[in-house]
Amino acid sequence: MPLTPDQQAEIDAARGESQQTLRATVPGMEAHLYKAHEVLDHGFVRVIDYMGDDSAITQAARVSYGKGTKAVQNDEGLIRYLMRHWHSTPFEMCEIKLHVKLPVFVARQWIRHRTANVNEYSARYSILDREFYIPQAEHLAAQSTVNNQGRGAVLQGEEAARVLDMLRGDSMRAYDHYEAMLSQDGQDGLARELARMNLPANVYTQWYWKVDLHNLFHFLRLRADSHAQYEIRVYADAICEVVKDWVPAAYAAFEDYRMGGAQFSARGMDALRKMLAGETVTQESSGMSKGEWREFEASLKG
Ligand SMILES: Cc1cc2nc3c(=O)[nH]c(=O)nc-3n(C[C@H](O)[C@H](O)[C@H](O)COP(=O)(O)OP(=O)(O)OC[C@H]3O[C@@H](n4cnc5c(N)ncnc54)[C@H](O)[C@@H]3O)c2cc1C
């Protein structure tokens, strides 16, 4: 269960209060505020706070461009221009603070994004809950035979059942031992900071994560991508839904240029020009490696 009744009551109370402000607010984002968007079996993403909107981006950009027209389509055009030309600092004027509950092995990938501010739940101070990520059967895939970093076909029948049993059994046994080591019933009880080392990487942790829009887009570009591991991708997908409602023009530009766009090397551009001129280009004649050619063709097919 991602939220306990007490946590839900806390969220309801927070949403029940409102304050007047002169700051820019976004109705779509106000609707997300504090609400937990469920991810995986026990995880969630919820917006704790945000600063700025689409106008904050163009407002900042116009400091360097001088005062321009403020018509909506010009704002959208300017945002698209900034995205297209990697003029990134105006996007840093918007910030978002999220509360995320996620398995530790997902957190290890996530924390590699250094351009954010993080505060994690302390398992030195608090006792972690008995909550472990157990994949749904359709996500229990075999090791890919073509991609060392990927998954192949979904495990079937007895093997799938055996794997699920092992994951559940090991998680529960590890937590039983965690509790037994912490217990002060007839013993001193091991320190929380030490007992936690027994817990597997599918145990859930939580953190507050604050990031600006430029670096958030970088995170989403890498983690909402089809090559990202499913378990982090679903968090990135949930965040995309929020960002869409927060800064719709910036998100549309991001979708167009970054998520939907492609980058070609000089060799790729050369091959593309020749193909457009009606010439036949092969992997060998392009000068690209087999891997580069495969990715080049995949980009063209979409
Ligand atoms: C599909 C995929 C597979 C991956 N596989 C592996 C793997 O096998 N092993 C592994 O270790 N990692 C792996 N990673 C992690 C990856 O190498 C990056 O660490 C991660 O994506 C964070 O990217 P970043 O450094 O650009 O992000 P951020 O840390 O958010 O940084 C954003 C940008 O800020 C700049 N920056 C930030 N800090 C510094 C700094 N100290 N010095 C210079 N510039 C800085 C860089 O321009 C950087 O691109 C993988 C990531 C993906 C998406």
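Heads up, the Cβ atoms here are built off N, Cα and C, so glycines get one too.
Take the dUMP site that TrEMBL assigns to Q109, W110, I111, R112, E120, Y121, S122, A123, R124, R223: the candidate from R84, R151, R196 listed for it is R196. Looking at H113 (FAD binding site) and R124 (dUMP binding site), their Cα atoms lie 24 Å from each other. Proximity of the binding-site residues (T89, I111, H113, E120, R124, L213) to ligand 1: a Cβ under 6 Å from the molecule is found for H113. Secondary structure at H113 (FAD binding site), taken from DSSP and collapsed to helix, strand or coil, is coil. H218 (FAD binding site) and Q109 (dUMP binding site) are 14 Å apart (CA-CA, integer value). Between the binding-site residues I111, L213, L213 has the most other Cβ atoms inside 10 Å of its own Cβ, all protein chains included. Ranking the binding-site residues R124, H218, R223 by how many other Cβ atoms lie within 10 angstroms of each Cβ puts R124 at the bottom.
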